[in-house]
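Peer 1: The structure follows.
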Amino acid sequence: MGGLFSRWRTKPSTVEVLESIDKEIQALEEFREKNQRLQKLWVGRLILYSSVLYLFTCLIVYLWYLPDEFTARLAMTLPFFAFPLIIWSIRTVIIFFFSKRTERNNEALDDLKSQRKKILEEVMEKETYKTAKLILERFDPDSKKAKECEPPSAGAAVTARPGQEIRQRTAAQRNLSPTPASPNQGPPPQVPVSPGPPKDSSAPGGPPERTVTPALSSNVLPRHLGSPATSVPGMGLHPPGPPLARPILPRERGALDRIVEYLVGDGPQNRYALICQQCFSHNGMALKEEFEYIAFRCAYCFFLNPARKTRPQAPRLPEFSFEKRQVVEGSSSVGPLPSGSVLSSDNQFNEESLEHDVLDDNTEQTDDKIPATEQTNQVIEKASDSEEPEEKQETENEEASVIETNSTVPGADSIPDPELSGESLTAE
């Protein structure tokens with residue numbers, strides 16, 4: 001009957017074996033921690049109680065039981081010299097006992113871990129994909145660690161601030177493999193691809209998790225629909241961007257820095273932060289006077305943030321020639337001149353203006369390298385412009401000279417004849 005029942009008794013499955021091994025491993029790990037705590041506790045109590053007892057006995061013997069003879073005192077102090085050695089030997093024995101227990105525990109723990117590793121290798125070779133994936137996720141310590149480390153990063157990427165989304169997305173894009181697997185190749189048994197939710201980690205040796213990146217991109221992209229510029233899909237492939245527009249002041253500043261900032265009137269409290277309009281990242285700080293007129297490129301998303309205001313520009317001053325002004329003032333102060341002198345002065349003025357224009361054109365040719373045709377055109381235009389007011393001035397001077405001559409020359413009737421006046425006097 002026993003043989004029949006033994007035949008009907010089913011063999012434990014790999015999951016049950018792994019569960020029993022896992023329980024034993026947990027028990028051994030707990031025992032190891034407990035053994036270490038007991039070792040520290042026993043050694044600490046031994047040192048504490050022995051030191052208190054040693055001091056107390058020394059005090060009592062010194063006050064009441066100390067003999068007068070030297071030999072008796074020496075015999076009395078010998079136990080006090082031997083007591084620390086005894087306590088030290090007891091401490092070493094306790095440490096040796098607990099260390100032996102810890103070694104036996106570690107050996108058993110290593111054996112169980114090696115058994116579990118062998119069973120997991122057999123599972124990866126023999127079991128189907130789905131069962132192998134479940135067993136590895138449940139009993140493989142590497143997959144457990146990956147699963148424990150993954151949800152905080154995924155949750156942080158989902159609930160992150162707008163300034164951190166691009167950095168996490170670029171990190172996820174860099175982790176993607178450049179060559180996807182071909183559809184003709186069947187999935188090997190030890191390289192499973194996780195069909196489950198995106199948060200579950202894949203088996204060890206499998207391809208990188210592609211399901212996390214679309215979820216992140218789908219959660220991140222709608223936030224930037226209303227932003228001034230749409231995000232670029234291959235942003236993680238950009239080279240490192242330009243330096244920040246303004247240096248970031250250190251957070252920890254000494255007393256001397258604070259005093260200098262107070263005297264100069266500079267510091268973080270007197271500056272404005274440069275925040276990117278697209279990814280809301282911090283790009284340094286700018287002075288109050290420059291904040292409205294500064295344009296910068298983000299160091300994280302490379303978005304060009306335009307200036308809030310355009311800097312006002314002063315009106316352009318008119319061109320002024322000191323020599324021409326002296327000539328005009330001199331001609332106005334002298335007054336009207338004869339027509340010949342006016343013409344000569346005008347000719348001199350035209351020659352001087354032409355020479356001055358030629359010199360200016362030569363200097364401009366050396367500085368700006370203007371072609372020869374443009375220089376001649378400019379000289380002709382300036383000469384024509386200078387001749388027009390000079391012709392007007394000539395006509396005005398001629399009219400004024402004619403009027404003066406008419407006023408100074410008397411009429412023929414009004415001129416007295418000296419001969420007639422003399423004859424009239426003699427006749428009288």
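Placement of Cβ uses the backbone N, Cα and C atoms for every residue, glycine included.
Just so it is clear, the model here is predicted, and its values are computed rather than measured.
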Peer 1: Looking at Swiss-Prot, which of S114, S333, S345 is flagged as phosphoserine?
Peer 2: S114
Peer 1: In Swiss-Prot, one of 16-41, 146-171, 224-249, 250-275 is tagged coiled coil. Which stretch would that be?
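Peer 2: Checking Swiss-Prot against the ranges 16-41, 146-171, 224-249, 250-275, the coiled coil one is 16-41.
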Peer 1: I'd like the per-state residue tally for the topological domain 'Cytoplasmic' (2-45) from DSSP, helix first, then strand, then coil.
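Peer 2: Taking each residue of the topological domain 'Cytoplasmic' (2-45) in turn, the totals are 39 helix, 0 strand, 5 coil.
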Peer 1: Test of understanding: give the count of other CB atoms lying within 10 angstroms of the CB of S114 (phosphoserine).
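Peer 2: I get 10 for this one.
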Peer 1: Given a Cβ distance threshold of under 8 angstroms, which distant residues of the chain, six or more beyond its ends, lie next to the transmembrane segment (78-98)?
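Peer 2: Distant Cβ neighbours of the transmembrane segment (78-98) are 35-36, 38-39, 42-43, 46-47, 50, 54, 57-58, 61.
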Peer 1: For the topological domain 'Cytoplasmic' (2-45), what are the same-chain contacts with Cβ under 8 Å, counting residues 6+ beyond its ends?
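Peer 2: Those are 91, 94-95, 98-99, 101-102, 105-106, 108-109, 112-113, 115-116, 119-120, 122-123, 127, 135, 138-139, in sequence order.
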